[in-house]
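Here the structure comes first, spelled out in structure tokens, and everything after it is commentary.
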Amino acid sequence: MASPDNDVVFDRIMEMVGDDGPFQKRYNLIYNVLAVLVFGMTVVNILLVLTVPDHNCNVPGRELHNVTSVDRWRNLTLPRELNSRGESGFSSCRMYNLSKYPEGTTPDQWVFYPNETTSCLYGYEYDREYFDRTPVTEQDWVCEKELHPTNVFAFIRFGEVSGTFVLGQLGDRIGRLPVYLISLAMGALGRALAVFTAPHYGLFTLLAFVGSFASNTGFQSPLIVAMEISKDENRASLSMWQLGGWTVGICVAPMILWWCRDWVWLLLGTSLPLLVFYCLPQYNIESPRWLAGQGRYPECIRMLRKIAKVNGKRFDMTVEELQEKAPRKEFEKMYGIVSLFSGSHMAKLTSLLLVGWICNTIPTFTLLLLSTQMGGNPFMNFFWQGAIELPAYLCGQVLCDRIGRRWTNSVAFLCNALSCIPVIFIIHHPGTELFASIFAVVIKFFVCVTYFALYLQSFEVYPTLLRQTGTSFGIIVANIFGALGPYIVFLGTSFDIRLPFVVLMLIGLLGFVTSIFLPETLYQKLPDTMDEGRRFGKNQRFWTMPSRPAAERAQSPGEVEKLNQS
């Protein structure tokens, strides 16, 4: 790890070329807002097009038997059963066996018994109110193939995990820019090529995996570059701007599908625009701080001059001067994942954080998938699930700075669990789809608050040498368990729509119990060494609220000086 003095020197160099000028603003707008907006659409477009619409068996012969009413024909040919919402309706996957009656008989003579059904012999009829064409309706991924979309969702999750592990490490090895360009290509081509492969389920699943492989690095790489070329006090706002771009993206995607009604145009229209961001080389730079740390001084000088030119700064530093002022970083011994469990106290903190991440990630993915299966307009359900994220993050930021990370996290988990209870009780009653959707949005709000608090806690609990490793490890493990989300949704769509909310309630309670035993990190000195990490928060009292240190509460510089002297 670089010495503090070396980082301070590079901060001074960034001040020379401008660390809060037009270049930073344009870079942030292009890559952390607009590109993230498109990337957000790319992440969720596959979730939208795999929505399973209401369907029934297609039974031919209505005209042959002179039955003019579609409803009467369905009553004659389709058995009734309770759906996952507890409503009586026509069977989705069974039909009466018409071979019992010869062609000359009239429908008035037909009498079928419950055991005289068969699977859909002539294909399916789909509810076309919201979708004209999706891979599900084109390839009949229903009934005997109903696990096909669920398995694709699981592969998407494993793709995100694998990509975070592989490309996350490559970002520190080959640079942020190459990893970002790889992410753009994989996101665009993985989704675009998928439109040609729906008849080949294995290839379609593989491309869904490829399209999601670089999802996380598509967000992380430009944010890291932006933070490394900006002054410290702007870094929190950079993250919030990116969250804004993400929120707009996942809200716009369902509106596009609602408008075009065709999955092919959605995937092409929301993924291929990623390639546009290859066309702005004057702003898409490598981090000069990373280049200097790797000893690549000529490239670093080129990046610094590019920034200085846009910012209207004069920068005449030579390669030799840069090498002298910011010598190549010397790294201390790197600690691996095993170090996260060194000592009983650190092992406890790591375990609690891992459970917290799991309890946050499973509901996040489950609610997004479930939003299209809850009845009512699936596009608006998905829209509100996305739109609630930004106000939730803003609320999380305020609460974390007022009452602390621990209480914000634990109370939000508890509210998450309690918000599931009304849904469990009302969702089986006809006409309650709107109220169920509103409560689902409330649940998502508290899930996003826990995400904000967890991210801060993960960053602040671990010592400096383990900070990135610990945070990344938590997210990777949580994404692995997040693959359970599609199967939780499957319980709701195939058995009882209440079951996913029962599971989410139990997960919220588990998150509440575990998060309340994490130490408070607000106003605490962050641990630097392994020894400090093993002792961090050990002596904190349980029933306390975080308080600002006396030096920060002082009202004047004189008071601060007096406190420092004492």
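Each Cβ is built from the backbone N, Cα and C atoms, and glycine gets one as well.
According to TrEMBL:
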type: TRANSMEM; residues: 29-52; note: transmembrane segment
type: DOMAIN; residues: 111-523; note: domain 'Major facilitator superfamily (MFS) profile'
type: TRANSMEM; residues: 177-197; note: transmembrane segment
type: TRANSMEM; residues: 203-226; note: transmembrane segment
type: TRANSMEM; residues: 238-257; note: transmembrane segment
type: TRANSMEM; residues: 263-280; note: transmembrane segment
type: TRANSMEM; residues: 349-370; note: transmembrane segment
type: TRANSMEM; residues: 382-400; note: transmembrane segment
type: TRANSMEM; residues: 407-428; note: transmembrane segment
type: TRANSMEM; residues: 434-456; note: transmembrane segment
type: TRANSMEM; residues: 468-491; note: transmembrane segment
type: TRANSMEM; residues: 497-518; note: transmembrane segment
type: REGION; residues: 546-566; note: region 'Disordered'
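Here the transmembrane segment (434-456) has long-range neighbours at 353, 356-357, 359-360, 363-364, 367, 370-371, 374-376, 380-381, 384-385, 388-389, 391-393, 395-397, 399-400, 405, 408-409, 412-413, 415-416, 419-420, 422-423, 426-427, 471, 474, 504, 508, 511, 515, 521, meaning same-chain residues at least 6 beyond its ends whose C-beta is under 8 angstroms from one of its own.
Within the chain carrying the transmembrane segment (263-280), a Cβ under 8 angstroms from the stretch's Cβ atoms is held by residues 30-31, 35, 38-39, 41-42, 45-46, 48-49, 131, 133-135, 181, 184-185, 187-188, 190-192, 194-195, 211, 253, 256-257, all 6 or more beyond its ends. Cβ atoms under 8 Å from those of the transmembrane segment (238-257) belong to residues 28, 32-41, 43-45, 48-49, 131, 219, 222-223, 226-227, 230, 263, 266, 269-270, 378-380, 382-383, 385-387, 389-390, 393-394, 397 of the same chain, restricted to positions at least 6 beyond its ends. Using a Cβ-Cβ cut-off under 8 Å and counting only residues 6 or more beyond its ends in the same chain, the transmembrane segment (382-400) has close neighbours at 44, 48, 240, 243-244, 246-247, 250-251, 253-255, 367-368, 371-372, 408, 412, 437, 440-441, 444-453, 456, 522. Across the residues of the domain 'Major facilitator superfamily (MFS) profile' (111-523), the predicted structure has a mean pLDDT of 88.
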